[in-house]
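For reference, the structure is listed below as structure tokens.
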Amino acid sequence: MNYSNPSQLQAAILDWAGTVVDFGSFAPTQIFVEAFAEFDVQVSIEEARGPMGMGKWDHIRTLCDLPEVAERYRKVFGRTPTDADVTAIYERFMPLQIEKIAEHSALIPGALEVIAKLRGQGIKIGSCSGYPKQVMDKVVTLAATNGYTADHVVATDEVPNGRPWPAQALANVIALGIDDVAACVKIDDTVPGILEGRRAGMWTVALTCSGNALGLTYEGYRALASDTLASERKRIHKLFEASRPHYLIDTIADLPQVIADINQRLARGEMPQGN
């Protein structure tokens, strides 16, 4: 048997919040702030957004490792946060997240149309998230009522290591029956999500305006003056630079042109690992 490069995409692995649902990725961000507040520790929205894309326990651990947050915690408890303290915050985060996830469950404009177009081209729709399964089950149910169902879903606690490790993306490859990771594209609004796709050997598309990096509602994004939007794009492109996404676009609505370009590159023999 001989190896031959794939000639076209077989699967798109989509993130959830900030990619397909919850424009601006507000659901997890606000709950991190509220969970810490229940321990009398202040965390700003900006701080909470920093590690977005990681599994939620790891996200809280990363926040607790910030010198400023660790010092605020020490002033309240007389020590810096241990892993047991992180778990206590996580266990408060979970019910808050489940309770309030519906408030930020709307599909991102253009998502349904783009996903239908991908399926029309024979592309399977995988998905993964920094949410644990308990939260994802509710997110998936809410999305289904709005017309979106992925072919496969992998939550962060269903693999040994979440993002930026490649396990969730690769679990989709296995479940969807894809024969080559180079025939897959990972779409995400966070750096850990892009690193996940890169490390899995996939094409990667960073979404700059619908998710965590811009952090605005759809209406807020649409209302930005052209020079402000250009400045924000430049800032966000720099944030993603080290993770080396193959493409950067505003939102999932811009994805069809990218899919067409990747298929052309595959047909020419190009591979994601070589770019």
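Cβ coordinates come from backbone N, Cα and C, glycine included.
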Among D180, D189, D227, D250 - the residue Swiss-Prot places in the same Mg(2+) site as D15, A17: D189
Environment of D15, A17, D189, the listed Mg(2+) site - residues of the same chain whose CB lies within 8 A of the CB centroid: W16, G18, T19, V20, D22, S25, G53, S129, D188, T190, G193, L207, S210, G211, N212
Residue pair D15 (active site, nucleophile), K56 (active site, schiff-base intermediate with substrate) - Cα distance, angstrom, rounded: 15
Close in space, distant in sequence - D189 (Mg(2+) binding site), Cβ under 8 Å, 6 or more apart: D15, A17, G18, T19, S25, G53, A206, L207, T208, S210, G211, N212, A213
Neighbouring C-beta atoms (10 Å sphere around the C-beta of D15 (active site, nucleophile)): 29
